[in-house]
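K.L.:
Sharing a structure below in structure tokens format, with a few things to ask.
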Amino acid sequence: MKKIAVLTSGGDAPGMNAAVRAAVRRAIYKGVQIFGVYNGYNGLISGNIKELTLGSVGDIIHRGGTMLFTARSDEFRTEEGRAKAVEQLKKHGIEGLIVVGGDGSFRGAQKLTQLGFPTIGVPGTIDNDIPCTDFTIGFDTALNTVVECIDKIRDTATSHERTYIVEVMGRDAGDLALWAGLAAGAESIIIPEADTDMKDILERLRSGHRRGKKHSIIIVAEGVGQASQFADVIKAETGWETRVTVLGHIQRGGSPTAFDRMLASRLGAAAVDLLLEGKADRMVGIKNNNIVDVDIDEALDQKHQLDLSIYQLARSLSI
Ligand code: F6P
């Protein structure tokens, strides 16, 4: 393989730049020409493809977002769109592709391999919802952002003696809400992977109140519902002053943490190595701090497993 390409797709995640940098530098180190596909799968279809050099990826390891831009491509979901994409890759003489993104992006990668084009997936999403890897690129940075926000909310919650309901991203996964909730000492954490027992949530709030605690923080994963719905119930049942904060896209921005830069560097380089070994239809991941690769079809058939022992721990520490 003499020419490969890299693209970022789906929701951006801090550390995507570090992954692109690693892929580019590893490829050049191995004597392979590497191209950047701009705007995700849309750029693949339109041929927005440019060669990347060592200098193209200088000064980006610490930057959030993605220098290659990203998109959620409707056209790539069609057979015609995918045919155009393969045509563009062939036109540029590209023999293998690295896709940095979430599960939707991996499904795109899977389709390309089915069309005979070798593709490797690198998990990049703040949701941490990809099976077969302990962490996805961007999760740790988003987690730290959420915790920092909750710490700030706690200051005002304490001063005003209010109950705050904070809505956290994660799509259908509760990882971000759960880890942030434990790290920030939330009173209750509401996630899709565990049953929501409103009676239990109210009882925990009341028991804190009885021992003199006048402020509380409840974290709601967006996959369960809107924070405002929970706030309405709590206010109606307790009469306490409640406020809602939806953290939104602030969770996707910012300079990646050292952990995310490390993870992205290791995974980006591993993806290049796999392509050069002639492998395709695989995703790279991290398991027990070892870089692993697994069949992308097998990974997509599995359901991401949230560690429920963390949920139980958080409950036992917020009594
Ligand atoms: O997958 C990342 C993510 O930020 C999810 O947590 C969230 O549900 C979704 O993307 C938001 O997508 P968009 O930026 O397209 O509104």
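Every residue, even glycine, has its Cβ placed from backbone N, Cα and C.
Remember, predicted model here, so these are calculated numbers, not experimental data.
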K.L.:
The ADP site in TrEMBL lists R21, A22, A23, V24, R25, G185, A186, E187, R211, K213, K214, H215. Which one of R154, R171 belongs there according to the record?
P.N.:
R154
K.L.:
Among G11, G15, G31, G36, which residue does TrEMBL annotate as binding ATP at the site that also has R72, S73, G102, D103, G104, S105?
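P.N.:
Among G11, G15, G31, G36, only G11 appears alongside R72, S73, G102, D103, G104, S105 as ATP-binding in TrEMBL.
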K.L.:
Considering the substrate binding residues T125, I126, D127, R162, M169, G170, R171, R243, H249, I250, Q251, R252 given in TrEMBL, which of E148, E222, E237 is annotated for that site as well?
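P.N.:
Substrate site check in TrEMBL: besides T125, I126, D127, R162, M169, G170, R171, R243, H249, I250, Q251, R252, the record includes E222 out of E148, E222, E237.
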K.L.:
Find the one among the binding-site residues G11, S73, S105, R243, R252 whose C-alpha lies closest to that of H215 (ADP binding site).
P.N.:
R243
K.L.:
Filtering D103, T125, D127, M169, G185 (recorded positions) by proximity to ligand 1: which pass a Cβ cutoff of under 6 Å to any of its atoms?
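P.N.:
The qualifying recorded positions are T125, D127, M169.
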K.L.:
Going by C-alpha distance, which of the recorded positions R21, A23, D127, K213 is nearest to I250 (substrate binding site)?
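P.N.:
Closest by Cα distance to I250 (substrate binding site) among the recorded positions R21, A23, D127, K213: D127.
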K.L.:
Go through R21, R25, the listed binding-site residues, and name the one with the sparsest Cβ surroundings, counting other Cβ atoms within 10 Å.
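P.N.:
Minimum Cβ neighbour count within 10 Å, taken over the binding-site residues R21, R25, occurs at R25.
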K.L.:
Which one is it: of the binding-site residues A23, M169, I250, which Cβ has the fewest other Cβ atoms within 10 Å in this structure?
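P.N.:
Checked A23, M169, I250; of these binding-site residues, fewest Cβ neighbours within 10 Å: I250.
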K.L.:
Between the Cα atoms of G104 (ATP binding site) and T125 (substrate binding site), what distance do you get, rounded to the nearest Å?
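P.N.:
Per the Cα atoms, G104 (ATP binding site) and T125 (substrate binding site) stand 11 Å apart.
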K.L.:
Sort out the sequence-distant neighbours of G11 (ATP binding site) for me: same chain, 6+ apart, CB within less than 8 Å of its CB, listed by position.
P.N.:
T70, R72, G102, T125, I126, D127, R252
